[in-house]
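Taken from TrEMBL as is:
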type	residues	note
BINDING	Glu134, Asp165, Gln191, Glu239	divalent metal cation binding site
DOMAIN	311-425	domain 'VOC'
REGION	434-474	region 'Disordered'
COMPBIAS	454-468	compositional bias 'Low complexity'
BINDING	His480, His560, Glu636	Mg(2+) binding site
Amino acid sequence: MRTGIATVCLSGTLEEKLRAAAKAGFGGIEIFETDLVTSPLSPEHVRALAADLGLGLDLYQPFRDFDSVPEELYRANLRRAEAKFRLMGRLGMDTVLVCSNVGTASIDDDALRAEQLHGLAELAARHGVKVAYEALAWGTYVNDYEHAARIVADADHPNLGTCLDTFHILSRGWDTEPIEKIPGEKIFFVQVADAPKLSMDVLSWSRHYRVFPGEGQFDLPKFLGHVARAGYNGPVSLEVFNDTFRQADVERTAVDAMRSLIWLEERTARHLAAEAAGTGSGAPSPAELARASRAYAMPLTTLPQVAPPTGINFAEVISADGAPRTAELERLLAQLGFASRGEHRTKPVSLWTLGDARIVLNRQQARGLEPAISALGFDVEDGVAAAARAVQLRAVPVPRPSQANEEILQAVNAPDGTEVFLCEDTRWVAEFGEDQADGPAADEGTDDGERSPSSAGTGSAGQTSAGQTSGGAGTARIDHINLAQPWQHFDEAVLFYSSVLALTPEASQDVSSPSGLVRSQVMQTADRPGGRAVRLALNLAPWIQSDSVKGARTDTFQEHVAIEVDDLVAHARACRGRGLPFLPIPENYYEDLDARYDLEPAFLATLRELDLLYDRDARGAFLHFYTASVGSVFFEVVQRLGGYDGFGAPNAPVRHAVQHAARHGG
Ligand SMILES: O=C(O)c1ccc(O)c(O)c1
Ligand SMILES: [Mg+2]
């Protein structure tokens with residue numbers, strides 16, 4: 001599939017946009033008129049630069065308000081068009097986008113529109129230019145792609161075709177199936193954008209809220225499947241008007257954009273394969289996928305297929321060695337009931353476990369930085385395949401010098417700088433503690449550190465030692481992780497976790513906090529008996545700053561690890577007995593809880609006594625409490641009763657308010 005991106009998606013100058021698009025691997029670019037008009041580069045220079053960068057100049061756009069006008073205006077429009085065709089000759093561009101008239105249209109007559117567009121195509125042909133006519137969702141008379149395609153058919157000129165733009169089609173809810181009735185050679189260009197479903201006027205929605213494929217709610221694989229079946233094999237080009245992307249780092253945005261097209265391409269192949277096999281939404285077989293990827297004029301590249309993760313293997317917190325905050329973290333873990341499993345054999349890193357919950361405390365952080373959640377391990381079936389998929393999706397591998405005797409773990413960087421480890425087992429825990437020489441990995445080391453995952457030991461020793469619990473806490477596991485996201489990378493993070501890790505985004509929620517609204521985006525694996533395997537909550541707040549070193553951010557944002565236990569009340573009492581600093585919950589909360597749920601007085605008294613929070617959903621109930629924060633990190637302990645499936649969202653504003661007060665000395 002030929003990929004493209006419109007300059008309007010990116011920040012910077014025209015030259016910066018071209019360079020970033022080329023570096024991210026795009027095949028071509030759409031030049032927005034404003035980007036050229038405001039550039040110091042001559043058209044000839046732009047042409048040479050694009051050629052140097054190996055970037056096709058695929059579309060010049062847009063030419064506005066051409067059709068549906070009286071004769072005199074039509075003549076003036078042709079003159080205006082001819083100037084642009086000459087310019088395109090200098091740029092070496094051969095396709096211009098003409099969008100349906102929104103301003104000067106005064107005549108609603110399809111025959112006249114076909115005649116005027118025919119005249120334009122005739123003029124274009126003399127300049128070697130092709131005209132792609134696009135129905136804008138808010139076009140005065142033409143706002144439906146089928147209507148635009150009919151006019152193009154009526155005009156019947158080889159230099160006139162249509163441009164399909166997913167936003168204009170899906171924002172209006174138009175059926176995409178009839179795309180297949182448009183002859184492939186009459187589709188001159190395809191623009192793709194995703195968007196969250198919002199109820200607002202379509203123009204504002206389009207100009208500010210488009211996002212890259214996979215970051216919104218449109219069914220783009222289905223759309224592109226119809227386009228492939230129509231026989232189209234031209235550029236599939238991103239046209240995303242978005243206030244954030246326009247000001248974010250241009251190279252990052254270009255990579256995010258590229259990832260979105262790689263994702264869309266594979267999803268389209270999967271969609272077509274599933275349809276061909278009649279399996280509906282079920283996963284197609286590798287053979288079916290391979291067949292679908294070659295079945296149409298438009299070749300579709302696929303990726304290594306990976307199943308969603310089956311658990312959270314560990315969470316890593318980073319903090320400076322010997323710093324008071326680090327001692328505070330260690331104390332907090334012990335008070336929570338975690339047992340120290342000792343030091344890593346080569347690094348200043350320790351392992352703490354509570355049942356199957358594993359926290360790695362990495363003390364390699366520079367002094368002066370705040371403790372932060374630095375890495376997450378996910379349980380996957382095949383770490384090498386998962387990492388290969390991630391890298392094909394332009395994720396950056398975490399450089400890890402391999403040491404003799406150490407497990408080789410695959411890891412990539414998430415957009416916020418959190419390292420994401422793809423773990424097949426817990427053999428790595430054998431690298432901690434005194435008896436490490438007996439660990440299953442101890443005799444496996446080689447100088448280059450390379451070995452296939454299947455050549456490793458059984459892993460059972462590691463599993464057992466990590467699974468053992470001290471202090472009789474019963475079973476415990478990591479229930480969810482909550483990460484704070486800088487606003488510049490929020491949509492990118494959603495796409496990253498869905499494309500790389502196969503997590504599914506839920507509808508986002510706004511949570512009030514004293515500093516402003518926090519957008520909470522849950523990404524998780526499928527519901528199943530016994531609960532979801534992986535739950536991740538991404539929190540977006542405007543005051544969270546982007547920084548390559550997480551601990552260098554100010555501590556005005558908070559992230560946490562939530563541990564699920566069997567008996568929360570007993571666990572809370574034991575924690576209290578060990579002197580754990582709980583997040584104190586205001587009395588008003590309990591009065592409101594009582595008003596809402598009419599709880600047993602004795603139960604309510606227990607909640608009050610232990611600073612516990614409570615919630616219910618259609619399936620069950622949720623009990624939880626929070627610890628005080630150390631730097632940006634705190635912990636939550638939860639118990640899910642009767643299949644409760646949420647995160648205690650109604651209690652989140654209470655947590656934000658109390659944490660805010662704690663930070664500001666209130
Ligand atoms: O918002 C616009 O004006 C506009 C212009 C050109 C396009 O291709 C488009 O989708 C929207
Ligand atoms: Mg468009």
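First residue shown is number 1, and so on along the chain.
Backbone N, Cα and C atoms are what each Cβ position is placed from, and that goes for glycine too.
Fair warning: this is a prediction, and the values are worked out from it, not measured in the lab.
Annotated features, which come from TrEMBL, shown on the structure.
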residue: Glu134; record: divalent metal cation binding site; Cβ within 10 Å: 23
residue: Asp165; record: divalent metal cation binding site; Cβ within 10 Å: 25
residue: Gln191; record: divalent metal cation binding site; Cβ within 10 Å: 24
residue: Glu239; record: divalent metal cation binding site; Cβ within 10 Å: 28
residue: His480; record: Mg(2+) binding site; Cβ within 10 Å: 20
residue: His560; record: Mg(2+) binding site; Cβ within 10 Å: 23
residue: Glu636; record: Mg(2+) binding site; Cβ within 10 Å: 22
- Whole-number Å distance between the CA of His560 (Mg(2+) binding site) and the CA of Asp165 (divalent metal cation binding site)? 41
- Quick one: Cα separation, Glu636 (Mg(2+) binding site) versus Gln191 (divalent metal cation binding site), in Å? 44
- Item | Within the predicted model, mean pLDDT of the domain 'VOC' (311-425) | 93
- Task: Give the distance between the Cα atoms of Asp165 (divalent metal cation binding site) and His480 (Mg(2+) binding site), rounded to the nearest whole Å.
- Result: 38
- With DSSP helix as H/G/I and strand as E/B, how many residues of the domain 'VOC' (311-425) fall in helix, strand and coil? 22 helix, 50 strand, 43 coil
- Note on the structure: Counting only residues outside His480, His560, Glu636 in the same chain, those with C-beta within 8 angstroms of the Mg(2+) site's C-beta centroid are Asp479, Ile481, Asn482, Ala537, Val561, Ala562, Ile563, Tyr626, Phe635, Val638
- Message: Taking DSSP as the reference, which of helix, strand or coil describes Glu239 (divalent metal cation binding site)?
- Response: coil
- Query: Those binding-site residues, His480, His560, Glu636: which ones have a Cβ sitting under 6 Å from ligand 2?
  - Reply: none
- Item | Cα-Cα distance linking His480 (Mg(2+) binding site) and Glu134 (divalent metal cation binding site), given in Å to the nearest integer | 45
- Report the residues of the chain - excluding Glu134, Asp165, Gln191, Glu239 - with C-beta within 8 Å of the mean position of the site's C-beta atoms, for the recorded divalent metal cation site, in sequence order. Leu97, Cys163, Leu164, Thr166, Phe167, His168, Phe189, Val190, Val192, Ala193, Ser237
- Query: For Gln191 (divalent metal cation binding site) and His480 (Mg(2+) binding site), what Cα-Cα distance in Å is obtained after rounding to a whole number?
  - Reply: 37
- Determine the binding-site residues, out of His480, His560, Glu636, lying near ligand 1 in the sense that the CB is under 6 Å from one of its atoms, and give them in sequence order. none
- How long is the line from the C-alpha of His480 (Mg(2+) binding site) to the C-alpha of Glu239 (divalent metal cation binding site), rounded to the nearest angstrom? 35
